[in-house]
Amino acid sequence: MSWFLVLKCLLTVCIISHLSVSSTESYGCIRKTCFGGRCLHNTTRSCEFSKGCFSQLQEFAVPLLLLNRRVEQRGCSEDNCTELAFSATLGIDWMFSYNHQCCYSEQCNNKPINVSPLSLQPNGVECPTCYSELGTCRPVSLKCTGAQTTCVNVTGQGIREDFIKIHAMGCATQTACNLKNVIILNNIKIDTSCVSGSPPLRYSPSLSTDQKTSSATAPTLCLLAAVLPAIMVMESFSEL
């Protein structure tokens, strides 16, 4: 075989290999962001060398305040996609659920996504619970329910608003343990650690009445501050 034919064969193999790699690593992912049922956009984005498509749903609720919000996102994963689903009950009555799913084919993230419903059935575990942006908080005992069988400690900080500094405790699923730099609500980066069983309460120094009020209302204020940029974007989009 002549050198010309050898080089031609090698070139053909290289081209086929390149096309094969491109076809497996480049595909379209649905791109959508929704807050409270209002969606900013719903398009297909080609994700070259994508690490996968993702679908994410976050839901937080404060039943005492009749507050319930859902944040849904879909798009291309910037890094290797890792699936994660967890739920937690923190503070007085603040419930949070998170579900992040991955897939690896054309528009595969167009399927409906949900979070597991929270059970009200006590499971025998009791955890210290509190929520504060003041650095310390006075925990009270919380009877855990359903799959939330571990006691979690959460620290967090705002990404765009660095004045948001969270310390919280409560009940959580096992999957909420030992999280590092997980971003929730697009604006808060959290770390978590867990303690199994029902640990004893360890009270911080007594808080003033104003501090207790701030601690009780902090979940709502902080979350509203976190999602406010998204609301403003939605409003601007609706006016176009």
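Using the three backbone atoms N, Cα and C, a Cβ is placed for every residue, glycine included.
Residues annotated as disulfide bond in Swiss-Prot: CYS47-CYS76 (among others). Within 10 Å of the C-beta of CYS76 (disulfide bond) there are 21 other C-beta atoms, taking all protein chains into account.
Annotated disulfide bond per Swiss-Prot: CYS81-CYS102 (among others), in sequence order. Cβ neighbour count for CYS102 (disulfide bond) (all protein chains, 10 Å cutoff from its Cβ): 18.
All protein chains shown were included, and the count of other CB atoms within 10 Å of the CB of CYS103 (disulfide bond) stands at 18. If you look up Swiss-Prot, you'll see CYS103-CYS108 (among others) marked as disulfide bond.
In the three-state DSSP scheme, CYS127 (disulfide bond) is classed as strand. For CYS127-CYS151 (among others), the entry in Swiss-Prot reads disulfide bond.
For CYS144-CYS171 (among others), the entry in Swiss-Prot reads disulfide bond, with the evidence type similarity to another entry. Around CYS144 (disulfide bond), the same-chain residues at least 6 positions away in sequence with a Cβ under 8 Å from its Cβ are THR89, PRO122, ASN123, GLY124, VAL125, GLU126, CYS127, CYS151, CYS171. Under the three-state DSSP scheme, CYS144 (disulfide bond) falls in the strand class.
Residues or ranges marked as N-linked glycosylation site by Swiss-Prot: ASN42 (among others).
Look at Swiss-Prot and you will find ASN153 (among others) tagged as N-linked glycosylation site, backed by sequence analysis. Residue density at ASN153 (N-linked glycosylation site): 18 other Cβ atoms are found within 10 A of its Cβ, drawing on all protein chains shown.
Swiss-Prot lists 1-26 with the feature signal peptide, giving sequence analysis as the kind of evidence.
Between CYS76 (disulfide bond) and CYS103 (disulfide bond), the C-alpha separation comes to 10 Å. For the recorded site, CYS108 (disulfide bond), the DSSP three-state label reads helix. Rounded to the nearest whole angstrom, the C-alpha distance between CYS81 (disulfide bond) and CYS47 (disulfide bond) is 13. Taking each Cβ in turn and tallying the other Cβ atoms within 10 Å, the top scorer among the disulfide-bonded residues CYS47, CYS127, CYS151 is CYS127. Across the fold, the C-alpha of CYS102 (disulfide bond) and the C-alpha of ASN153 (N-linked glycosylation site) stand 27 Å from each other. DSSP assigns CYS171 (disulfide bond) to a strand in the three-state reduction.
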